[in-house]
Structure formats: C-alpha cells, structure tokens
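Reviewing the structure listed below.
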Amino acid sequence: MIVFPNAKINIGLNILRKRDDGYHELETVFYPLKLQDGLEFIENHTGEVHFSNSGIEIAGKAEDNLVVKAYRMLAADYRLPGIDIHLHKVIPFGAGLGGGSSDAAFMLMGLNDFFSLNIPEQKLLSYAARLGADCAFFIKNTPSFASGIGEKLEPLPLSLSGWHLLLVKPPIEVGTKEAYAGVRPGEPNVGLTEAIRFSVNNWQGNVVNDFEEGIFQRFPEIKTLKEKLRERGAVYASMSGSGSSVFGLFRNEPLWRDSDFPEGSFIWYEVF
Ligand SMILES: C[C@@](CO)(OP(=O)(O)O)[C@H](O)COP(=O)(O)OP(=O)(O)OC[C@H]1O[C@@H](n2ccc(N)nc2=O)[C@H](O)[C@@H]1O
Ligand SMILES: Nc1ncnc2c1ncn2[C@@H]1O[C@H](COP(=O)(O)OP(=O)(O)O)[C@@H](O)[C@H]1O
C-alpha cells in the first residue's frame, strides 16, 4: 500500500501556559498543504519490520523513526504480520511542517485500512496523540483549531481557496523542544478564535506565532526571510510552528527567484 503523508502549516500559535509535565498548552490553527512524502509498505513473511528511506536522509535508527513507532504501537494491540516500509522523504524536518507526525498518522491509517483492523477514528486519534502532540491533526487533515497540547481538535470553516502560498525553509533545523524552551507563555492580546475570523488582510499583527520572538533572536536570517516575503507582496507572512520555515499568502502568483532566498533553502509554492 502506498500513501502520501502531507505537511501542515500553523496559522497563528499562542503558547498559553506550561504544564507540570513540561508540555505547553497552546492554541493554533492547522492548515494542510499539498506538499507530500511517499510512504509504502508491503507485507513480508519474516515477521520483522524493515525500514528504508530515500529522498531527504533521516539520521538515526529505524526504531526511532515515527513510522516504525506507529507500527509497533498497533502491533502491541493487534495481530500484524511483518512489513517492509519505504519512506520517500520530501517534507523537510526541523521546519515546523509536521512531516514526521504526518508520516506516523498515515502509517496508522494505512495499517488500519490494509489489514482491515476496523479501528474507529476516535481510537486512531488517541493512538496518534501518543505518538506526537500534533499527530492527531493528520488523521482529520482538514483545517482545524487545536488546543490542549495540540491534540484537541475542532473543525474550522476556514478556506484559503484561491490564495497563493510561498513557503521557504532556510538551511536551519529548529528542534521542537528547544523552540518551546525559548518562549514565555502568556495570554494573547487577541485570542486566536477571534483573530482568525478577521479577513486575511487583517491577520498581520493579530494572528501571531509566539515562537517567532525567540527564534528570530537566535536566527535573524529567519526574520529577514519573513520581511522578504512581505516585501514581495505577501498579505500575511509568518513562521510555521516552531520553525524554521516561513510562509507568505499572496493574492496572485508572487514573483520570486531561488536566489532571493538563502542558498540551500527548500522552496514550496502552491495555490490553495
Ligand atoms: C510546535 C508544533 C506546533 O504545531 O509543531 P512543529 O512546529 O514542531 O511541527 C507542535 O506543538 C509540536 O508537536 P510534536 O512535534 O508532535 O511534538 P512532540 O513530539 O509531542 O513533542 C516534542 C517536544 O516538544 C515539547 N512540546 C510539544 C508540544 C507541546 N504542546 N508542548 C511542548 O512543550 C515537549 O518538550 C516535547 O518533548
Ligand atoms: N518519519 C520521520 N520523518 C521526519 N522526521 C522524523 C521521522 N521519524 C522521526 N523523525 C525525527 O523527528 C524530528 C522532527 O520531525 P518533524 O515532525 O518532521 O519536524 P518538525 O518539527 O519540523 O515538524 C526529526 O529531527 C527526526 O529525527
């Protein structure tokens, strides 16, 4: 079976408070992108899991990969045969695009479908939340308002249909944990549920990402990137999640060349 886990952006992200377990309560809007990995698995007769990877190389042991973790989680509760997994990685990581979480969520859904496990969506959502705070979103994969630690989801009637998105990930990887360590939690001036209802023209300055302050201090080139997207005509520009990617929303196709951005940047353009 082959599935295509997609990336997400965060539109606004307010970090409200730190919990006793070290996680942070937040409010954010997740919006799916068409940018995708390719994830294939076939049954084998060894009873083992084999993992291979092409495209962007993922360092570390196969057992640390979130798709293998997703398989192990279901195999603990359901009878599953061994499988060979191949992940073609396109979505950059350390980018705030949720690629690893998406791979894990699509693995859960793929195994559920292929092996007819009949796991209801509510249960898939709770498996996903155990794998990562923003993993559950990819089970729904529609524009969502998220709260809690990112796992409480409500569908959001937000359509960016017709808007052009230009996303740039500079050659900087930001770790999620370190990004959280650099924020001071607090209540926003304008709550996200209210701010997101404004037209996109009024988002800048109202729909904010609390990670930006700390990350821009550490990596001024990411701040410069956001300014560049605004100069190029982005009606709204923001870092996505914990960074390092930055996106702009444009009314029309933006004019840009690869050389506008830091050498080695990953660039993604789509029309919603
Ligand atoms: C920041 C966000 C915003 O959507 O995504 P990215 O920008 O990385 O894609 C998410 O909160 C990331 O979710 P996810 O990447 O699934 O996080 P996890 O693997 O569960 O947690 C990684 C680490 O981030 C911190 N963490 C995560 C989520 C949260 N609400 N509070 C936290 O403090 C914890 O230190 C945790 O150990
Ligand atoms: N399938 C996977 N794809 C990407 N990263 C993975 C995967 N499995 C484990 N990881 C680990 O998770 C980390 C961050 O993953 P990801 O969710 O893609 O990033 P981001 O924080 O940008 O959303 C990486 O540093 C990587 O080591």
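Any Cβ shown, glycine's included, is placed from N, Cα and C.
Heads up, TrEMBL stuff is auto-annotated, nobody curated it.
What TrEMBL records for LYS8 (among others) is active site. Around LYS8 (active site), a 10 Å sphere centred on its CB holds 27 further CB atoms from the protein chains shown.
According to its DSSP assignment, ASP134 (active site) is coil. As annotated by TrEMBL, active site applies to ASP134 (among others).
Secondary structure at GLY94 (ATP binding site), taken from DSSP and collapsed to helix, strand or coil, is coil. Neighbour list (GLY94 (ATP binding site), Cβ cut-off 8 Å, at least 6 residues apart, same chain): ILE172, GLU173, VAL174, GLY175, SER244. What TrEMBL records for PRO92, PHE93, GLY94, ALA95, GLY96, LEU97, GLY98, GLY99, GLY100, SER101, SER102 is ATP binding site.
Annotation source TrEMBL lists domain 'GHMP kinase N-terminal' at 65-139.
For 207-253, the entry in TrEMBL reads domain 'GHMP kinase C-terminal'. With helix defined as DSSP H, G or I and strand as E or B, the domain 'GHMP kinase C-terminal' (207-253) counts 20 helix, 10 strand, 17 coil.
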- Query: Given the binding-site residues PRO92, GLY98, GLY100, which lie close to LYS8 (active site), meaning Cα to Cα within 10 A?
  - Reply: GLY98
- Where PRO92 (ATP binding site) and ASP134 (active site) are concerned, what is their Cα separation in Å, rounded? 16
- Query: Looking only at Cβ atoms, how many others are within 10 Å of the one on SER102 (ATP binding site)?
  - Reply: 30
- Note on the structure: Rounded to a whole number of Å, the separation of the Cα atoms of GLY96 (ATP binding site) and ASP134 (active site) comes to 10
